[in-house]
């Protein structure tokens with residue numbers, strides 16, 4: 001007897017392939033679906049080499065579905081992806097921020113577009129290859145927790161999920177480590193078993209985000225983002241630059257200037273296109289403002305939580321204080337290179353509680 005019908009989001013990578021295979025083994029009625037999100041022929045990227053949902057990835061996902069004997073759908077999401085992921089990505093850099101496109105992709109495509117497909121196909125669950133876990137408490141309430149593989153854990157990108165969707169989520173590889181996922185996939189004869197992981201931003205690839213921006217933003221707009229590099233905090237003009245989109249907080253290489261000491265980007269002021277550089281000590285901050293929060297569970301005003309300010313950040317204890325626009329975070333220890341456009345994500349032990357967007 002089937003445990004229920006589940007739609008698996010298959011990116012064409014090993015993790016989602018393994019997720020589909022595990023669910024078949026566990027007795028679910030599995031349906032695979034891949035989102036075609038981007039025309040990689042418009043970019044200087046080799047398809048299938050660290051990409052996600054390209055035509056080659058779609059073919060790989062279909063091959064896995066055929067191997068498993070499950071139905072498979074391709075959903076064209078290019079227009080939605082452009083509007084919800086690419087355009088905000090470009091806009092953020094032009095405003096002096098460092099965007100986090102994976103969260104937008106999860107919010108507006110994986111857990112929106114695919115959820116609609118899940119309901120259309122009358123599925124009971126939706127599954128992905130994310131490294132995360134669903135845990136039920138003694139009252140039967142479901143919550144998202146970090147995965148067994150701390151290094152690969154992807155809960156940082158999941159804080160915008162609708163809480164009502166959580167009981168319908170399955171993360172089959174959440175109890176496994178990456179080498180186990182590859183070994184399992186190989187044992188099942190899946191073509192993706194030794195496929196490279198996607199690295200960095202999937203639609204940018206190895207060309208670098210500056211080149212991607214240059215290819216997708218009009219030259220006159222880029223020219224309007226030129227400005228000065230000034231010393232922080234004194235204000236001494238040190239050089240000119242070719243655009244604030246070429247810089248991010250904490251950057252120390254490729255500043256476009258020579259100086260006798262190592263300097264870092266401390267602040268980017270989009271109002272006058274000034275890039276402020278200074279000593280590393282100026283990168284540290286005790287307090288951070290977070291806007292547009294999304295919560296999966298309640299937070300007590302002033303509660304101490306473990307907060308991650310970027311992916312692969314180990315997290316640090318901070319007091320979470322409610323404000324009119326979101327939260328103010330007061331860290332126990334100063335944090336380095338707190339970056340506007342990135343997310344601050346809250347954890348209670350291993351439970352994902354919510355998060356919001358960093359602003360300075």
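Placement of Cβ uses the backbone N, Cα and C atoms for every residue, glycine included.
The ATP binding site annotation in Swiss-Prot covers 9, 10, 11, 12, 13, 14, 15, 16, 35, 129 and rests on sequence analysis. Under a cutoff of 8 A between CB atoms, and with a sequence separation of 6+ in the same chain, the neighbours of residue 15 (ATP binding site) are 129, 130, 131, 173, 181.
Residues or ranges marked as active site, nucleophile by Swiss-Prot on the basis of sequence analysis: 105. Its Cβ placed at the centre, residue 105 (active site, nucleophile) has 25 other Cβ atoms within 10 Å. According to DSSP, residue 105 (active site, nucleophile) is assigned to a helical segment.
Residues annotated as site 'Interaction with tRNA' in Swiss-Prot, with sequence analysis given as evidence: 130 (among others). Look at residue 130 (site 'Interaction with tRNA'): DSSP puts it in coil.
According to Swiss-Prot, the feature active site, cysteine persulfide intermediate maps to 202. Neighbour density for residue 202 (active site, cysteine persulfide intermediate): within 10 A of its CB lie 23 other CB atoms from the protein chains shown. A coil conformation is recorded for residue 202 (active site, cysteine persulfide intermediate) in the three-state DSSP classification, outside any helix or strand.
What Swiss-Prot records for 342 (among others) is site 'Interaction with tRNA', and it gives sequence analysis as the kind of evidence. For residue 342 (site 'Interaction with tRNA'), the count of additional Cβ atoms within 10 Å of its Cβ stands at 24 [all protein chains shown].
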Cα nearest residue 35 (ATP binding site) among recorded positions (105, 202, 342) -> 105
Nearest of the recorded positions (11, 13, 202) to residue 342 (site 'Interaction with tRNA') - Cα to Cα: 202
Which ones in the same chain are close to residue 9 (ATP binding site), with CB under 8 Å and 6+ residues apart in sequence? 16, 33, 34, 35, 110, 114, 126, 127, 128, 129
For residue 202 (active site, cysteine persulfide intermediate) and residue 11 (ATP binding site), what Cα-Cα distance in Å is obtained after rounding to a whole number? 11
Inter-residue C-alpha distance, residue 11 (ATP binding site) and residue 105 (active site, nucleophile) (nearest angstrom): 12
Under a three-state reading of DSSP, tell me whether residue 15 (ATP binding site) is helix, strand or coil. helix
